[in-house]
Each structure stands twice: as C-alpha cells, then as structure tokens.
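A short worksheet on the structure shown next.
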Amino acid sequence: MPRKRSRFELSIHSLLLSVAVLSGAAYASGYYPPSQQVPIIPPQVPLKGAEATPDIHEFSLRHIFHRGTYEQPDFHARLDVKPDTRLRTVSEDGHEEEYIASESSLLASSSPLTIQRLADRRLPVIQGHLAAARSSGFAAALSPQEWALDTLPGPNITDKPTVLTFAQMTANDYIEEPGTGQWHTINGKFNYSGSFGWQKDGLRGHIYSDKTNGTVVISLKGTSPALFDGAGTTTNDKVNDNLYFSCCCGQGGSYLWRQSCDCQSATFTANLTCIIESMTDEDRYYRAAIDLYSNVTEIYPDANIWMTGHSLGGAMTSLVGLTFGLPVVTFEAVPEALPAARLGLPSPPGYDPRFPQSRQYTGAYHFGHTADPVFMGTCNGINSICTWGGYAMESVCHTGQVCTYDTVADKGWRVGLGTHKIENVISDVLMTYDSVPSCVAEEECFDCELWKFFRSNGSEITTTTTTTTTTTSPTRTSTCKTPGWWGCLDESTTATTTTTTTTTSTATTTTCMTPGWFGCNDPTTTTATPAPTVTTTLPTVTSTTTSCHDPGWFGCRDETSTVATTTANPASPTSTACHSPGIFWGCWDEPTSTTAVTSLPAFTSAPISTTCHSPGIFWGCWDEPTSTTAVTSLPAITSTPISTTCHIPGIFWGCWDEPTNTPAVTSAPTPTS
C-alpha cells in the first residue's frame with residue numbers, strides 16, 4: 001500500500017518546485033535582454049468540453065505580425081485586419097496581384113490529437129531550459145513529472161479539404177494597401193514606407209482565428225530565398241538557411257556555399273558549441289518565431305494554437321511546435337531534426353535529445369512529395385541549383401510524422417526545384433490526389449554521418465605548426481634537348497676556358513704484373529726518357545662535340561665523332577680498341593694503346609672517329625672498330641706510341657698476364673717560348 005505524504009513533505013516539495021521555477025526565470029532574464037520580455041502566459045490546456053467528434057472551424061485573417069531579424073532586429077509590429085482593410089496578395093515571385101476581401105473565410109475540421117509536452121510551458125520557463133542547454137551544451141534533463149500527455153483538438157490531417165485549407169494559409173502572402181490600415185508598434189521603431197521594406201527582412205506571421213477565438217492558426221512565412229521564388233535575394237537568406245540546415249554553417253562542402261559561421265576545425269570536424277551559439281543569436285529566425293508566438297498568446301491567452309508553414313517557414317513552425325507542444329502542419333518543409341537537436345530542445349524521458357526524429361506524440365505532420373529536393377533533403381549536390389545558389393541544405397531528417405506523395409512513381413516526375421513552390425503543390429499534388437497519404441515517422445534517419453562534433457567552453461587552445469622545407473637542386477651547365485632513359489642523347493657542349501699551364505714532358509707508366517681482386521698486388525713503374533722541359537704560358541681551348549643518331553637502351557649505338565684540339569703540352573692521351581668485350585665488363589682481347597703526339601704552338605690535330613657496327617645488348621661494342629690516328633706536322637718531332645697487350649684477362653676485371661711495354665722515344669729541337 002503506498003505511503004501517504006505528510007503536510008510537511010508536501011510543503012517542502014512545493015517550496016523546492018517554486019525555487020526551481022524562479023531559478024529558471026532568473027536565468028532567462030539574465031540571458032535574454034529586458035526588451036524581449038513579455039507577460040507570463042498561462043500554460044495552454046485543452047478547452048473545456050472539447051468534443052471527440054470532428055468539429056468544423058471557419059477561419060479568417062485577423063492579424064499580420066512582422067518580426068525583424070537582420071536589418072531591423074528590434075522591430076516588431078502588428079497589423080490588425082479589419083473589414084475596411086484592403087489587402088493584396090503577393091505571388092511567390094514578389095509581384096503584387098489582385099485585391100482580396102478580408103472577410104474571406106477558410107474551413108477546416110479538427111479531431112482529437114495526443115501530444116507529449118511540458119506541463120509548464122510559460123515563456124520564462126521555456127527560455128530558462130534553452131539558456132541552460134546553451135550554457136551546458138546539453139538539453140535540460142527533466143523528470144517524468146514535468147511532462148504531460150495531453151489530448152486536445154488538432155487539425156484533422158486525414159481530411160483532404162482540411163489539408164488544402166492549411167496549404168492555402170501558407171500560400172497567402174498579403175500586404176496592406178497604403179492608407180487603409182494601422183500598424184501597431186510592439187517593440188522598436190516602425191518607419192513606415194510605401195515600399196514595405198519589411199517584406200525583405202524578417203519573419204512574417206499571418207494570424208487566423210475562428211469565430212469563437214477558441215482556435216488560432218499561426219502561418220509563418222520566412223524571407224523566401226531567390227532560389228525558390230525567382231526574386232532578388234540577399235546574403236542574409238543564405239546565412240540563416242545554412243546556419244540551421246547545414247552540418248557546419250556551409251563549411252566543409254562546396255566552395256559555392258555561403259559560410260555563416262567559422263566553427264570547422266578540421267576536415268569533417270566542427271565545434272558544436274560554436275555552431276549552437278551562432279544559431280541562438282537574437283537576429284535568427286528561431287528567436288524571432290518564439291517572440292512572434294509569445295505575442296499571439298498574449299492576445300489569445302485561452303485559445304488552442306495551431307501552426308503551419310511552407311518551406312523555411314514550415315521548419316520554423318515545427319521548431320516552435322516542438323518547443324511549446326503545439327499541433328503543426330507543414331508543406332515542403334526543410335528537414336528540421338538537425339537544428340532541433342542543436343538548439344537543446346527538451347525531450348521526454350526515454351528519448352535521446354540528440355535524435356528528436358525518434359520522438360512520438362509530437363503533433364507535427366509534414367506534407368511533401370518525392371520530386372521536391374528540398375523536402376527530401378537532396379538539394380546539396382555539386383550540380384544542384386541549391387548549391388549554385390549558395391545554399392547548403394544538408395539536413396535530411398524530419399521530426400514527427402512525414403506524409404509523402406510519391407509523385408516520381410505515380411506521375412513520372414523528375415526531381416527538380418520547380419516542384420517546390422506552394423502554388424504548384426496545391427494545384428498539381430494536393431488537388432489531384434483523391435486522398436491524403438499515410439503519415440509515418442523517420443526514426444532510422446540520421447544527419448551528418450560523416451562529421452565529428454566536439455563541445456568546448458571557449459578555452460580551447462589552437463596550435464599552429466609551421467614546417468620549413470629546404471630543397472637543394474643541382475645546377476646543370478648544359479641543356480638536354482633529347483633526353484634518354486639514362487642520359488642525354490643529343491649534342492653537348494663544354495664551355496671554353498683559358499688557363500695558364502706549365503707542362504713537363506715526363507711520362508710515367510704503371511704496369512700491374514699480378515692483379516688482385518680489389519687492386520694490383522705487384523705494381524711496376526716504368527719511366528720514359530723525358531724530352532727537354534718546356535715551360536709555356538699559353539691559352540688552352542678545349543672543345544668536345546658528341547652526336548648520337550641511333551640511341552640504345554643504355555647508351556649510344558651509332559658512330560661517335562670526337563674532335564679534340566689542344567694548344568699546349570699536356571700529358572699524352574691514350575685510346576684503346578676492344579675486339580672481345582667481357583660478359584659484364586672489362587676487355588678479353590688484346591687492347592691497343594696509342595699515345596697522342598704532343599705539339600708545340602701551331603699544332604693541328606685531325607679528328608679521331610670510331611664506328612661500331614655490332615653494339616652490345618645492354619652496353620659496349622662487340623665488333624672491331626676502325627680507329628684513325630691523326631697525322632701531325634711538327635718541326636723535327638717524332639713520337640713512338642706505347643702499346644700494351646693483355647693475353648689473359650681477369651674473370652671480372654683487370655689483366656692477369658705480364659703486359660709488354662714499349663718506351664717512347666722523343667726527339668725534338670730546343671723549343672722557343
């Protein structure tokens with residue numbers, strides 16, 4: 001048997017509850033400026049004697065509210081529509097159309113609707129929950145006693161005429177003919193002008209009421225982006241849309257997206273605290289929608305409030321409906337589960353506030369069709385019109401129930417932004433189908449699955465790393481016009497230098513009698529008979545020209561001509577011809593060495609040419625080349641070449657037999673410097 005509570009326990013419980021409510025209100029007053037405060041509105045409860053059977057309501061336009069955002073963030077005005085107020089309808093492309101009569105009525109039926117919502121929905125209490133969520137980064141954790149499961153009259157979404165009536169409310173966009181109405185300033189200065197500047201900035205609400213003022217419908221209409229209605233747009237439209245419906249304020253995607261915050265820290269990584277702070281600024285649509293709703297409840301404190309909207313206005317009405325527990329009917333609304341989770345809206349026990357799409361009994365119904373990329377959450381590809389317009393519409397999940405017309409399968413429509421307009425939806429979808437579709441929840445839907453989000457308190461440290469790289473590149477003294485696999489195949493030129501040389505005609509020859517694996521084990525030095533020492537200071541010019549006409553894989557396979565001209569007394573060069581090259585390297589036949597003839601000034605040398613008819617597979621020459629020794633003309637100088645013959649070449653390199661050396665005999669007259 002449950003234990004009864006004593007009076008003392010009840011008194012303590014009442015005292016703690018009062019302190020909690022006052023603390024939330026104090027927190028809200030400290031965060032929100034005094035200009036935004038309105039009188040405390042009692043919680044909305046079902047009307048007494050609400051009938052269980054559907055009831056017909058006859059609605060008519062009573063007020064037009066306007067809440068400024070960017071250009072006039074403090075502006076809030078109300079126009080009371082009277083019988084003598086003349087209104088004009090404004091089409092979605094911004095052009096004024098025909099006059100309408102303010103007494104025109106719209107019919108809709110109601111049916112019982114169950115909503116799980118907060119028991120205390122007064123504005124200061126709600127603002128306290130939102131402020132606490134913004135401060136801590138998490139939705140307020142509330143006890144089950146703070147929630148109620150209420151059954152109240154709501155729109156009959158199974159009735160086609162009722163759905164059409166709500167769609168017509170969202171399509172009606174009225175302006176007042178100058179001089180026929182009186183705008184009441186709720187907050188801020190209203191600078192009246194015939195051009196109605198408020199059309200271009202802020203959130204506009206059309207207020208419909210039935211004849212008893214027992215049921216009121218708020219139809220929110222945001223500033224329509226030019227991407228949707230063809231009119232001129234502003235940067236503020238993209239900023240607001242990308243802030244609410246993008247994973248990170250238009251960052252991390254296409255370069256065409258308009259960035260509305262700077263919260264991305266790395267690729268697919270963002271600071272969630274930074275995003276939430278940007279979303280809850282006073283000049284954002286969500287704050288404007290709450291202010292507009294609070295003023296309506298001030299006029300109709302005892303009425304049941306229903307909400308409706310199209311596109312961006314539909315998303316804002318859904319967020320307000322989740323906040324205050326109101327019936328909502330939207331059309332082609334932008335998926336709003338992502339901003340609902342980030343705003344920290346309270347969730348009933350048993351539901352994760354990070355996934356508001358999993359909640360039941362929300363009272364929200366979203367009508368749309370499959371050919372609308374905005375409603376389906378697919379207007380974000382690189383080729384989509386949304387992207388080219390600068391909009392980052394990345395959210396894909398709706399809260400509540402989704403009622404979808406499959407126009408792609410039923411009518412063969414292609415997905416396109418032209419099907420998003422509410423007038424097209426009414427004439428081509430809602431009126432053509434015989435019945436309304438069934439409504440289901442999107443519980444298994446997830447937003448921004450590729451992203452990682454972290455929370456911070458604003459004290460994180462950003463570290464910047466600078467890397468310095470030093471690159472050293474070699475300097476070439478020649479230009480290659482025909483490069484090969486492992487070298488240059490075209491002609492090369494060596495620069496001409498002028499030096500002062502001292503030449504001594506002493507030749508030294510070293511013969512290895514016993515070669516080893518890594519050198520010579522028995523070196524023998526033979527010194528030739530020197531000629532008289534000649535010391536000359538002359539310019540030295542060296543020029544080498546190489547031409548390759550038939551390059552191979554690892555070398556040149558055609559004739560190579562070398563022209564050497566030396567004007568000095570250098571050491572004698574040696575040329576060797578190989579008839580039987582080794583398998584890998586070295587020479588296996590008897591080489592022939594020729595010593596060049598040294599000359600004095602007025603020396604002329606003919607070019608030496610070598611021709612290879614059978615080049616090796618990888619490198620070297622396998623045939624017997626033809627060598628031509630230059631004939632020189634010197635005054636009484638005779639030079640005998642030194643030849644060396646190897647009979648037993650080494651396995652890998654070197655010569656294993658005793659070579660034969662012939663000393664050079666030089667005869668020359670006394671040179672003259």
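Note that Cβ sites are derived from N, Cα and C of the backbone, with glycine treated the same way.
Residues or ranges marked as active site, charge relay system by Swiss-Prot on the basis of similarity to another entry: SER311. Per Swiss-Prot, the feature N-linked glycosylation site maps to ASN156, ASN191, ASN213, ASN271, ASN295, ASN457. Marked as topological domain 'Lumenal' by Swiss-Prot on the basis of similarity to another entry: 29-673. The transmembrane segment annotation in Swiss-Prot covers 8-28.
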Cβ neighbours of ASN295 (N-linked glycosylation site) where a neighbour is any other Cβ within 10 Å: 20
Overall pLDDT of the topological domain 'Lumenal' (29-673), taken as the mean: 71
CB within-chain contacts under 8 A for ASN213 (N-linked glycosylation site), separation at least 6: TYR300, ALA303
Least buried by Cβ count (within 10 Å) of the recorded positions ASN156, SER311: ASN156
Pairwise Cα distance for ASN295 (N-linked glycosylation site)/SER311 (active site, charge relay system) [Å, integer]: 23
Rounded Cα separation (Å) that holds between ASN156 (N-linked glycosylation site) and SER311 (active site, charge relay system): 21
Packing count at ASN271 (N-linked glycosylation site) (other Cβ atoms within 10 Å of its Cβ): 20
Distance [Cα-Cα, Å, rounded] between the residue listed as 'active site, charge relay system' and ASN271 (N-linked glycosylation site): 27
